[in-house]
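K.L.:
Let me give you the structure first, and then I'll get to my questions.
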Amino acid sequence: MDSSEIEVVPLDSNSHQSPTESPTITDVFSASAYGDLHQLKHFVEHNGSSVSLPDDNGFYALQWAALNNSLHVAQYIIQHGGDVNSADNIQQTPLHWAAVKGSIDVADLLLQHGARIEAVDVNGFRAVHVASQYGQTAFVNHIIVDYAADYNALDIEGRSPLHWAAYNGFTETVRLLLFRDACQNRQDNTGCTPLHWAVIKENVEACTLLVHAGTKEELILKDNTGSTPLKLASDKGHRQLALFLSKAMRTRKNSFVDKIFCGKLGETSYAPMLFSLIVILMVLFITSIVSASNLPKITAMVGLWACFGLSCGVYALITFYRVSRKDPGYVKRTGEANSQHTANDPLIDINFKNPSWKGNWSQLCPTCKIIRPVRSKHCPTCKRCVEQFDHHCPWISNCVGKKNKRYFLVFVIMGALTSFVGGTTAVQRLWRGIPQVHHGESWIKHIVIEHPDAAVFLFFDLLIFIATMTLTISQSYMIARNITTNELWNAKRFSYLRGPDGRFYNPYNHGLRRNCTDFLVHGYTRDDEVVPSSIL
């Protein structure tokens, strides 16, 4: 995919010059490029230089001012005859140049003075194409919201802004365009969709966004060579992408199962298996351990412990049901919002020029069409965004999030306690009830031969104990630090988990005591941020 993108000439602003150095400013073009209004006025008012004529390369002073967002320089040029629609040798206007670095202030000025938002260059690129090529997400959103830029416009090769953002791997721009329902299945002159181009460049995150927000149609569309995105990934040796796309194809085929189980069992789900296993183990515990005819009569103390273990098992089943059925903290979709105005365009009231928004485009969910809380994540299995998303657990067929994490912790604790009490009781009963084994025969071998049902119980009981204890320890550790599994595993991807020095910093960690107290009292840890001491 050849691009005729604007060549960005590296320019150093005055702030980057050393005290003994100054930029070489020889004419209105260099003065505009460096944003030197004083020198520009000198050239125009004393030397009689024109700001409406191009230089030897066909570039205009207003283009240089637009490129570097020099607002006052751009205003001066316009006031002195600069044409906001002046086009260079490849028909690019100052607005095209403003799109390269996302110069929103100058773009506003140009458009307010009559610049054409849909002006095209020789390649058919509009400002929205150029901004998408350079990943200027805020600029793209700004011209869409305020100036109704066509974000599905095609260049001469039939490529939309989404094609370019996917090709160059600008996931934030991809996310914004998908959020605004940009067309995903549009094929360019080579038959490629945005997903094809994301696969060709092995942009994994862009592919993930496109697949989750798309339909089966984009997965099976073929380019002019007859290749689907999956075939392209396989042919180019992109194994990770090929596996992901193959799984997505299988998931889309389970639409009938999705409809029956509300989408939760469309992918691997072990909840019925786990529920059945717990019930079977409880029955085995009663028949092969507590009331086994080939073991001595149970004592009152051991019987009490057995009853306690069974009670824990019953409570574990109750919490299992509750954590499986309870809302994990689904974020309301756009259609569920109270404000009709916000529902029409939830981005319209946000000040994207505010520095606090920088880097937070990941809050947009192109599938749910919502601006989700910072710590939330879209679950492709549940097909919903979940607040304080921890992980999707196939063993409970549900996500673990803000509203059901306490139930999940209780469930794994009860599972660990039940398996510990049951296993301990079983070992005590077998140890006391089995006579001395023959020479050369191990105790375990004797158990397997003489009490196979008890051996099966102990085997699965041990597996459950190891799994639930691991989860209990890991969940307790993360609750104490007020961090989720998703954040812990993907910390490098989240800008809010980095301090001023660029190192890992958890702004939600209020200390062991408060974190645990909040969780016990409210059922979840709070999202109040702690300001790093280094910037206080």
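One is the number of the first residue shown, and numbering goes on along the chain from there.
Just so it is clear, glycine is given a Cβ too, placed from its N, Cα and C backbone atoms.
According to Swiss-Prot, the domain 'DHHC' annotation covers 363-413, on the basis of sequence analysis. Taken from Swiss-Prot, the feature region 'Disordered' covers 1-23. The feature repeat 'ANK 1' is assigned by Swiss-Prot to 57-86. Per Swiss-Prot, repeat 'ANK 2' is recorded for 90-119.
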K.L.:
Any residues 6+ beyond the ends of the repeat 'ANK 1' (57-86) with a Cβ under 8 Å from its own?
P.N.:
8, 11, 13, 28-29, 31-37, 40-41, 44, 50-51, 92-95, 97-98, 100-101, 103-107, 109-110, 113-116, 119
K.L.:
Taking DSSP states H, G and I as helix and E and B as strand, how many residues of the domain 'DHHC' (363-413) are helix, strand and coil?
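P.N.:
Helix (H, G, I), strand (E, B), coil: 10 helix, 16 strand, 25 coil.
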K.L.:
Compute the average pLDDT of the predicted model within the domain 'DHHC' (363-413).
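P.N.:
That region's mean pLDDT is 92.
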